Amino acid sequence: MDFKYDVIVVGGGHAGCEAAAAAANLGSKVLLITMDMGRFAQMSCNPAIGGVAKGQIVREIDALGGYTGIITDKSSIQFRMLNRSKGPAMWSPRAQCDRMVFSSEWRIQLEKIPNVFFWQDSVVEFIFQDNIIKGVRTSNNVEFLSEAVVLTTGTFLNGLMHIGSVTSEGGRVSEPASKGLSEQLLSRGFTVGRMKTGTPVRIDERSINFDKLDEQKGDGHDYRFSYLPSPDNGLRKRSCFITYTNPEVHKVLETGLDESPMYNGTIQSIGPRYCPSIETKIVTFSERERHQLFLEPEGETTIEYYLNGFSSSLPLKTQIDALKLVPGLEEVKVFRPGYAIEYDFFEPTQLKHTLETKKISNLFFAGQINGTTGYEEAAAQGLIAGINAHQKINNKTDFTLSRDEAYIGVLIDDLVTKGVDEPYRMFTSRAEFRILLRQDDADSRLSPKSFAIGLASQKRIDHLNEKIDKRNQIIEFLKEFSVKPALINSWLEYMGTAPLKQGVKLIDIISRPQINIYDLLDGIKPFAEFIEKLNMARKDEILESTEIILKYSGYINRERLLADKFKRLENLNIVNKFDYKSIKSLSTEARQKLDSIQPETIGQASRISGVSPSDINVLLVLMGR
Amino acid sequence: MTMQSQKDTICAISTAQGMGAIAVIRLSGQESIAISEKLFVPAKEGKQLANEKANTIHFGSISDGDKDIDEVLISIFKAPHSFTGEEVVEIACHGAPYIQQQILQLLTKHGARLAAAGEFTQRAFLNGKMDLSQAEAVADLIASRSEAARRVALQQMRGGFSNELINLRTQLLNFISLIELELDFSEEDVEFANRDELTKLVDEIQALLKKLTNSFSLGNAIKNGIPVAIVGHTNAGKSTLLNTLLQEDKAIVSDIHGTTRDVIEDTINIEGISFRFIDTAGIRATKDEIETLGIERTYDKISKATIVLLMLDVNDPDKKIHEAISDIKKRLNDYQQLIVVINKTDLADASIIKQRFAIDSFHELSSTDTIVPISAKQQLNIDVLTNALLKTVNLSAIDNDEVIVTNVRHYEALQKSYEAILRVSEGLSNGISGDFLAQDIREVLHFLGEITGHINTDEVLGNIFKNFCIGK
């Protein structure tokens, strides 16, 4: 048994698992400390990965060599590409997962990495030497030393759960909270805040009347989250179901508001605005007569359903009485009620872009502890923190992503620059250059960069190169292949697009909005034969990627131009250039904010709230621009 | 420029270079008064500048040890109530360049530093005395060469068209947040942004941007002078007219056909508007190589002019005159205006002139074109010609304080916004998906923001202070 490691990761959630795997795969000897080795990467809320913006993040994690995408593919019981009717930047993969398989697959994956070691316990104290972290002490009074520590405690720091007027300490239902660490960091000058989140009831399939619900199946495409090809996981595919609340339901819910900790003042912390509890919805949107409820199966075989849209901390009786008035749930039996949880988070402006804390060297924070919400956001931070913990202790360069490079770059820059005033989740609108951050090309954006530091495997790069090569061959074919009006016009008219007056190259046909690349496969036989001959393992992925490049190049190129312009301010380094407090021409608020955040570039400074464009002009003038 | 240099006291000659009756040397910075004190001998014994109130003027002399250099007036302005927001001293001395240089040398000897170009204005900006667009307008104001240019620059300094743009930009910003909301909550399939209202706003923005971009050619003309090309047959008296207008002999004038082989420019100010006159070589078939070159250049100049003065000889036969007019009309665009000048009226009978050159008899001319008979040599009817020139400029736009864009940076940003808003407009009518609408709207917002100052770009600053001269 060793008591000395390169990197210690505290917490085995989505952030902790990615952090441990990344640091270990880069070569660090990693100790992963978790309270319960049976619950790695728990899906504490809904049993799904991805969705709008979040799906893109998972593709990025995968492209960088993380595991969330792979594990999702192994545990997926339904896959959908959301927003197919919109532009390619909005296409967002989402999968329902078997919650139990997801967790066990993570454990299998971690156990395969020789450099990852485990310890089941709760960390109660940090060991510091001056302003450098040196290790941790656990509740069993065991001391582990390390060069770096990644803290990923999720909702466990001083977690407090609420169901009606009943409160209990804990990080999740039936799991103890983690105490002592916040207080120790507080004494070191860290700013600690409180946040709230919630989760809905879990209900019994056998008590649901499915005849009254709308079924929603997967979209039938054979997609994967991972860019590494894998066979179907063999799990039975399952449907989700949709039902709605109604005014009678709302009336019952209102009777419980007095006892709702959200409304009687027990919970003071801020919850996520965009993922409101059902009681918040009926109060805030009182004019709406119904709210959508979405039933998600918790696994391949289980009878447990997650009732998305009904997050609540109302008393158990109110929750059940209201549910019974929902069509299809008249006979509902619940496994456990919804609850709200309050937890400590650390103001993320105390972090660098590497997720290392500014106050304590070699201490990294990742996940919900930074005020975010969502498995995907947590996993992404874990990956970046794990990589940088390894880089730091080996005197290697920081690994950071920019805002025009990855949603992960947007995520971390937002956190460390703007801070959070409510649980942070990713939206596509947070990215200035959405069309550059598509799910179809996270591999070409990120894999080479990760390969360069030794994380993404050669196999990934081979697959990427193959994709690019095949894509180029297809484009070449489309450019060369001529079509004659006589042969193609009847088909074009059938497809609802204008007939040709003279022969054109096939590439001109694919740029028409009415024609997609699958239509071309159906309608142009030589093209179908050519694609057949290419013999591609990831045929759909490569075809769609080709189509996006051909159809949307105008948008992509314009966005690139703006992004490059934006980069010019991003490249103006201002670390240690200014004593902000002494610059009288800055507004008072700008002076304080700049001084406390110490932005790395002019671009970052311009995104700090309270720093106006004229403040930025002052800095630019002082720099002699 | 480093942080340290911001604390220096700077000095420069703030009046025009060369000899004048008086000159003003300006100092700005913490040590302005202390440094001035070291070389100033007040007329009233015992007076100390440091003890004097702000906004006061003091008589005395500047001396270098025991050597008196000049008698001067010193004005004191105190922080923050000065142009730069710092302690400012202005020394009014006599205008000899030698004196100015001596005083400047003394000031630097006592601890002041020579100011860089635009540094006074830069300090005013850094001390919050003006914002960037005002600083930009100050540069234009200082450089304005005519009344009209001054008015346009002043209007810009007072906020100009940016208020209107800010308003429209804010409305557009509201719309885009609704569209973004639709996108991010697309699982619920909702439409928050009313497309009809959005279309209306987009039309409004489109119209404004069009008006603003169109005003640029006028704005640019006002700023740099309205280009007027003088063309015509050789020896029609083009150079003589130019000389009459300029009241000086700049072009070469002789009786030999084809004397003016080069293109000569000069700017004259007519009632507050600058006109940039371009004298051209005459147009006639020639084998002379040098002259052929000149004629090519003439056509090039015609294409760049806003107004073309076609000079003809009163004694030319009708056929020649009509040919010349239709020949030049072929080369003009819709927006170029033609004034046909019939020269040498002193050599013909007045009543015949009136009859021969009635505008009705020239079907080649359009309604905006005019014919003006003059004698350049005898200076007859020149005021009619200058009035005709003034009439071609849309003076009402300037008089009514209508917004006129003069700044190339603004113009480029407006053009890019316009292109993007056209795409939004097309997209709305084709019903394209919200993400593409959003991208185009974001682009509009970006470029409008560059004008209104909501978006930082490093280009802006680079240009502004560079365009100043030292002492401003």
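Any Cβ shown, glycine's included, is placed from N, Cα and C.
Together with A:Gly11, A:Gly12, A:Gly13, A:His14, A:Ala15, A:Gly16, A:Ser178, A:Gln368, the FAD site in TrEMBL holds one more listed residue from A:Val123, A:Val416, A:Val420, which is A:Val123.
Max Cα-Cα distance over the annotated FAD binders (A:Gly11, A:Gly12, A:Gly13, A:His14, A:Ala15, A:Gly16, A:Val123, A:Ser178, A:Gln368) is 18 Å. On a Cα basis, A:Gly11 (FAD binding site) lies 36 Å away from A:Val283 (NAD(+) binding site). When secondary structure is read from DSSP and collapsed to three states, A:Gln368 (FAD binding site) falls in the helix class. When Cα-Cα distances from A:Lys281 (NAD(+) binding site) are compared across the binding-site residues A:Gly11, A:Ala15, A:Val123, the shortest belongs to A:Ala15. DSSP assigns A:Glu279 (NAD(+) binding site) to a helix.
Counting every protein chain shown, 17 other Cβ atoms lie within 10 Å of the Cβ of A:Val283 (NAD(+) binding site). In this structure, of the binding-site residues A:Arg273, A:Lys281, the smallest number of CB atoms within 10 A of the CB marks A:Arg273. Cβ contacts within 10 Å of A:Gly13 (FAD binding site), excluding its own Cβ and spanning all protein chains shown: 31.
Taking a C-beta cut-off of under 8 angstroms and a sequence separation of 6 or more, A:Ala15 (FAD binding site) has the following same-chain neighbours: A:Thr152, A:Gly154, A:Ala366, A:Gly367, A:Gln368, A:Ala378, A:Ala379, A:Gln381, A:Gly382, A:Ala385. Cβ packing within 10 Å was compared across the binding-site residues A:Gly11, A:Gly271, and the lowest neighbour count falls to A:Gly271.
Cβ neighbour count within 10 Å across all protein chains ranks A:Val123 highest among the binding-site residues A:Val123, A:Cys275.
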